[in-house]
């Protein structure tokens, strides 16, 4: 009986550790960045770049290959202006989302292969509207009444 119990605890510990690691979201913002600064890093790209190199800048913060990411080819101030459109419901049910008035140039990067740091992406260029979640700015954010903090979806 005793040997079975000895084998149980390390397995339970391993299971609990696995559950704890699974709770760390890939999109968790890096320490020292506001949510809006992290949004800017992940989603604002006025001049289009190839997905492999653009995603390298994001993945270095998380030490993982992010599965999917959308880059908006607009300056941050233009994306922040979207926060002034009427509130709509986000995918998660929150009511702090806003949709762009018109379609914008954007690039969607989808992970095709690789393990960090050798992540490989397929890119898809589109001209579509988008939805972002907005919140009041934090210290260090640009001066806007609301700033984008989460990319919700392409519409």
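Here, residue 1 is simply the first one shown, and the rest follow in order.
Positions of Cβ are set from backbone N, Cα and C atoms, glycine also.
According to Swiss-Prot, the protein carries these features:
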- 1-28: signal peptide (SIGNAL)
- 43: active site, proton acceptor (ACT_SITE)
- 65-119: disulfide bond (DISULFID)
- 66, 67, 68, 69, 70, 91: substrate binding site (BINDING)
- 83-134: disulfide bond (DISULFID)
- 90-97: disulfide bond (DISULFID)
- 150: active site, proton donor (ACT_SITE)
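The Cα atom of residue 66 (substrate binding site) lies nearest to that of 43, taking the recorded positions 43, 83, 97 as the candidates. The two recorded residues, residue 65 (disulfide bond) and residue 150 (active site, proton donor), have Cα atoms 18 Å apart. Relative to residue 91 (substrate binding site), the recorded positions with Cα atoms inside 10 Å are 97, the candidates having been 83, 97, 119, 134, 150. Listed in sequence order, the recorded positions near residue 97 (disulfide bond) (C-alpha within 10 Å of its C-alpha) are 150, out of 43, 67, 69, 150. Among the residues the record lists as binding substrate, namely 66, 67, 68, 69, 70, 91, the two farthest apart have Cα atoms separated by 19 Å. Looking at the residue listed as 'active site, proton donor' and residue 134 (disulfide bond), their Cα atoms lie 7 Å from each other. Other Cβ atoms within 10 Å of the Cβ of residue 119 (disulfide bond) number 21 in total over all chains. In this structure, the recorded positions under consideration are 43, 91, 150, and the one with the smallest number of other Cβ atoms within 10 Å of its Cβ is 91. Measuring Cα to Cα from residue 69 (substrate binding site), the recorded positions that fall within 10 Å are 43, out of 43, 83, 90, 119, 134. A distance of 18 Å separates the Cα atom of residue 119 (disulfide bond) from that of residue 43 (active site, proton acceptor). Cα of residue 67 (substrate binding site) to Cα of residue 43 (active site, proton acceptor): a span of 14 Å. If you measure from the Cα atom of residue 90 (disulfide bond) to that of residue 83 (disulfide bond), you get 13 Å. Of the listed recorded positions, namely 68, 83, 97, 134, the sparsest CB environment within 10 A is found at 68.
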